[in-house]
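I have placed the structure first, in the form of structure tokens, so that the comments after it can refer back to it.
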Amino acid sequence: MTSIWGQIQHILQNTLAPGLFKVWISPLAGEVDGSTLRVEAPNEFVAGWVRDRLFEDIRTAACGVIGDTVEVVVTAGAPAAAAPRPVLAPRPAVVEVVPTAAPVPSVVPAVEARPSGHAPRRLSAETQQAQEQLGLPLDWAPVPQSRTNWRFSFDDFIVGPNNELACAAARGMCRDGLMTDTLFLSSGPGLGKTHLLHAVGRSLCESSNRSNPNVAYLTAEEFASRLIAALKARDVERFKARYRDVDVLLLEDVHFLQGKEKMQDEVLATVKALQSRGSRIVFSSSFAARDLKNVDNQLVSRFCSGFLAGIERPDFDTRRRILREKARIYQVMLPDNVTDLLAERISTDVRQIESCLHNLILKAKLLNRQISLEMAFEIIGNYAQAETQLDFEGIVRMVCEGFGLSPEQLNSRSRKREYVVARNAAYLLARKHTDLSLKEIGDRFNRRHSTVLKGITALEREMNRETPLGRQVANTISLLERNGRITHARH
């Protein structure tokens, strides 16, 4: 039977971003003592980060399992004994990490590969200390590929008119059917880019003749963080060797590199090295390669050197098939009228569709009731989408109302924080809910294309990191979308 902490972790896994859960929740240990949940982190750095940014998420999940009177206490465990830290083995595999029931058959030898004639050496104390002080997100010690747990596969990817080209291209990368070693996937958030990257990684690992296939999967932000860690640890050459010697590189969210020249230089050098040795590379981005700004032309050229595939919003039939497949995985019977309601009302984001379904199932189980249309209406209030899209004028109107600004203030040249945040929210909503291009959005605000792109990227970064500003803006945007769509539908 799943422990209480296991149930809480399961809720968090389905409500937090995968990266947040992977890095910050997985290492935690939890124990319930009466009405107190004691959560132990591996060190004070992690404990402090969890207290500052995830405390309310943990408490909310705990209340759903234990009750509303639960008290959550986050502490740091005692430092581990000074055992030798594992170091690089030849051609290390890299890492993806949501735990599953998959077996863990191998370990990395605790020596670093050295040129012939040299004795193996262990990591310097300075390197170990730098990595430990920087905390979990910057810890880039290798993990054998056999321990990688790919969360998705091609088998559970629902193909529709919106994504069939991207899926076919990803499959082609796995069977040498694409006639190129580079693939660039682009789409808005929550439409399947991560799913396809995981599917490519899983497929290539399963078909490899090697017991330890050399596949690297990480986001551009993780790449940057690990490079910073290597610089601080004075171990850049080992970092370079690690990523320039892989057979497959799966690099997510490359739009993060905009405006970061030094990071772009390292990514470009890595891509050049990999392409010269015939390695396969899959990039993903929230923007098409042509829309990336403040990115070196050579790097953009490398992005465009292979096959470019975009993913659009799923149509009604595809959304309905996604819901049925997820219900099958959850082993629940989903009435047709509930399926149709969810598919009709949530139209822009597959992740929201899955989240809404999960919350519906969780509510039914907690209340020990059957899933019904009435219950679905109660849940969908948090995700409600009208059949028609908001137009640009409606977005401007509701942003002004939501942020307490006049249209003149929203469109002014002022750099006041509240004006900038509101404008960025308007850019994001216009991109999400209209067919306007970034240039057209910029024209309507008398701004440049690059300004709109920068604003959207900055706002998405705040929301993805779940900073106080990011949470506040995400809640405001969600409320605006919900109320704005309801108002729009009534007109």
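Note that Cβ sites are derived from N, Cα and C of the backbone, with glycine treated the same way.
Sequence annotations record features per position, and here Swiss-Prot assigns region 'Domain I, interacts with DnaA modulators' to 1-68 based on sequence analysis. Residues annotated as region 'Domain II' in Swiss-Prot, with sequence analysis given as evidence: 68-146. Positions annotated as region 'Domain III, AAA+ region' by Swiss-Prot, on the basis of sequence analysis: 147-364. Sequence annotations record features per position, and here Swiss-Prot assigns ATP binding site to GLY190, GLY192, LYS193, THR194. If you look up Swiss-Prot, you'll see 365-491 marked as region 'Domain IV, binds dsDNA'.
Feature map: Swiss-Prot annotations on the structure.
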| residue | record | Cβ contacts under 8 Å, 6 or more apart |
| --- | --- | --- |
| GLY190 | ATP binding site | THR348, ASP349, VAL350, ARG351, GLN352 |
| GLY192 | ATP binding site | PHE157, ASN163, ALA166, ILE311, VAL350 |
| LYS193 | ATP binding site | LEU185, SER186, SER187, GLU252, SER284, SER285, ILE311 |
| THR194 | ATP binding site | PRO18, PHE152, GLU252, SER284 |
Coarse DSSP state, helix versus strand versus coil, of THR194 (ATP binding site): helix
Residue counts (helix, strand, coil, in that order) that DSSP gives for the region 'Domain I, interacts with DnaA modulators' (1-68): 41 helix, 11 strand, 16 coil
ATP site shell beyond GLY190, GLY192, LYS193, THR194, criterion: Cβ within 8 Å of Cβ centroid: SER187, PRO189, LEU191, HIS195, LEU196, SER284, ILE311, VAL350, ARG351
Segment-level pLDDT (mean, integer) for the region 'Domain II' (68-146): 44
